[in-house]
Amino acid sequence: MASEEQISAIKRAKVLMVGAGGIGCELLKTLALSGFQDIHIIDMDTIEVSNLNRQFLFRQSHVGQSKAKASTFTILRFRPKISITPYHANVKESRFNVDFFKEFDVVLNGLDNLDARRHVNRLCLAADVPLVESGTTGFLGQVTVHLKGKTECYECQPKPAPKTYPVCTITSTPSKFIHCIVWAKDLLFAKLFGDKNQENDLNVRSSDTGNSSEHSADVFEYRKDEDIEQYGRRIYDHVFGHNIEVALSNEETWKNRNKPRPIYSKDVLPVKMTEKNGDTEKDCATGDVSVMAFLSLKNPQDIWSLAENSRVFLEALRLFFSKRLKDIGNLTFDKDDQLAVEFVTAAANIRASSFGIPLHSLFEAKGIAGNIVHAVATTNAIIAGLIVIEAIKVLKKDNNNYRMTYCLEHPSRKLLLMPVEPYEPNKSCYVCSETPLSLEVNTHHSKLRDFVEKIVKGKLGMNFPVIMQGASILYEVGEDLEEDMVAIYAANLEKAFSELPSSVISGTVLTVEDLQQEFSCSINIKHREEFDEEKEPDGMVLCGWVEAPVDKDNNKPIGNGESTSNALPSEEKDVEIQEMSGGTETVTGKKRKLSEVDESKKQKKPEKLDVDDEDDELVISDDWESLAKKNRV
């Protein structure tokens, strides 16, 4: 039974929930049933059919409605006396500023992306409001508590970058199916249906090797009144046949590799599609456009043969040009676009067949292409319960009993929930400890625009930056700026560092602020002449802001549900379970827990993992499953 003190703390608390998706639905239900009386919810998303299998506050009739408002309506049906205030909005809007956050006793995150998490973390630090962060990935999950000056902030540990692959591997020497997916999605799909002016290695022509043929023209150009199947076969023969032959001409490449085989459409599909399959116009006149429906490929978990993949490839391309011609030139791959997924699956499988890589089903290919895995509703419910437990501790100011709790996929010493004491703030954190950063950049060539887009917004997560050198403002964003200042700042963006009104050279210290987040940091500039284009594509290197390394050998997407930011303590030899009267503690070896003052009891901080996700799906950077197995205790 809850104590009077606990009940009182719950009833008088004003709580802000950010996110009303997989975790958010379970969290709102648990808060309402636990006695919380004043709850505010921010969520910018609307309900989709795919949400209904795990977000149990929503019904079919709610599809298309605001998640924040629909969840509020559902809860008030069985808890009509509590106050719930929904905001169908982006938490990064200017109205949700520091003063807004100061109104709350605790903030509970059920967010679905890294950028928003960082933004909320900084607002909570500026407002000095406790933050309870959470995330799930499949059967794994976590809840962490962040209090200014007492525990690590959300950004005290680095987050991993999304997995990337060298361009040369993707275009020339794929060895894994993920390489074929990236090629099909980011190169071929983009070239056919996206910006026509982009250049990539798919533009290799016979003339490049001294031959003369139809390939001397742009094979990707759709000619007026051209038969669509003829066009599709020309694309097929170019990317799966001709380009492979061009690659084979470089014998040095294949000395220690298995040679790919060129594939031409006439060898796989000697009969024209129209002669064999007829017309799909009537079949696709109603409902979503889908090749699978017409070709009777009913099970998305079946692995198609080379011939079936070739039929899907040609038919999908035909449907894009016959049904969605107006979209061509502006399309980007969307995991929810059935026709796009069918095309990418087929193209990746044909390329995989050429390079001797095992083929995959559409279900698997979609998961890889969208970096998605299906959510586990039970994990969301468990994590929501743990969030409320930690929120109650925060409201009671029960500092000694805060826990970061990890939900495991497999029992470890009969435990599925592993509580760990929070860690002290990282003194090197540029967010909560204001440690200066340094930037290596060619001050003569790199433009201020690159710095703003790639570093200030891309890496530091600022939304409305102000960049200053001393008292001079080099760049500023704001709705209240005068037109002449907007023009000056726009002109500055196109100038190199050394050409700015207040010249930025080696040794210059820039101050970068985000007034909405009430966050600022200092960046020491260091001039550097050259950068490795492959390893340092940005042409600048930020030091003091470190991304966690990713697993180079693991490429398959893993994990479910909402994204996560922490991992378990990382080395089995450093982990020891101790049975204590207050529960189970995990003692490790380097970073100090809040409760430890003796040097002999320092604790190692957990390795941080962070992945971006979309509600029920996520971009993966590391192998959670192997990590969990590695940390058996």
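Each residue, glycine too, has its Cβ placed from N, Cα and C.
Values in this document were obtained by computation on a predicted structure and should not be read as measured data.
As annotated by TrEMBL, domain 'THIF-type NAD/FAD binding fold' applies to 3-429.
Annotation comment: TrEMBL describes 19-24, D43, 51-54, K67, 112-117 as ATP binding site. Other C-beta atoms found within 10 angstroms of the C-beta of N53 (ATP binding site) number 11, with every protein chain shown included.
Per TrEMBL, Zn(2+) binding site is recorded for C153, C156, C429, C432. The Cβ of C153 (Zn(2+) binding site) has 23 neighbouring Cβ atoms from other residues within 10 Å, across all protein chains displayed.
According to TrEMBL, the feature active site, glycyl thioester intermediate maps to C168.
Panel annotation: around the domain 'Ubiquitin-activating enzyme SCCH' (326-366), residues 50, 174-177, 179-181, 183-186, 188-190, 192-196, 236, 239-240, 244, 258, 260-263, 288-292, 300-304, 306, 309-310, 312-313, 316-317, 319-320, 372, 617 of the same chain, lying at least six beyond its termini, place a Cβ under 8 Å from a Cβ of the stretch. Annotation comment: TrEMBL describes 326-366 as domain 'Ubiquitin-activating enzyme SCCH'.
Taken residue by residue, the domain 'Ubiquitin/SUMO-activating enzyme ubiquitin-like' (439-531) breaks down under DSSP into 24 helix, 30 strand, 39 coil. Taken from TrEMBL, the feature domain 'Ubiquitin/SUMO-activating enzyme ubiquitin-like' applies to 439-531.
Marked as region 'Disordered' by TrEMBL: 552-614.
The annotation compositional bias 'Basic and acidic residues' is assigned in TrEMBL to 594-609.
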Overall pLDDT for the domain 'Ubiquitin/SUMO-activating enzyme ubiquitin-like' (439-531), taken as the rounded mean: 91
Between C429 (Zn(2+) binding site) and D115 (ATP binding site), the C-alpha gap once rounded to whole angstrom: 17
Three-state composition of the domain 'Ubiquitin-activating enzyme SCCH' (326-366), taking helix and strand from DSSP: 24 helix, 0 strand, 17 coil
Nearest-integer angstrom distance between the alpha carbons (Cα) of C153 (Zn(2+) binding site) and D43 (ATP binding site): 22
Env. residues of Zn(2+) site, Cβ within 8 Å of mean position of C153, C156, C429, C432 Cβ: L125, E152, Y154, E155, P425, N426, V431, S433
Between C432 (Zn(2+) binding site) and N53 (ATP binding site): CA-CA distance (Å): 39
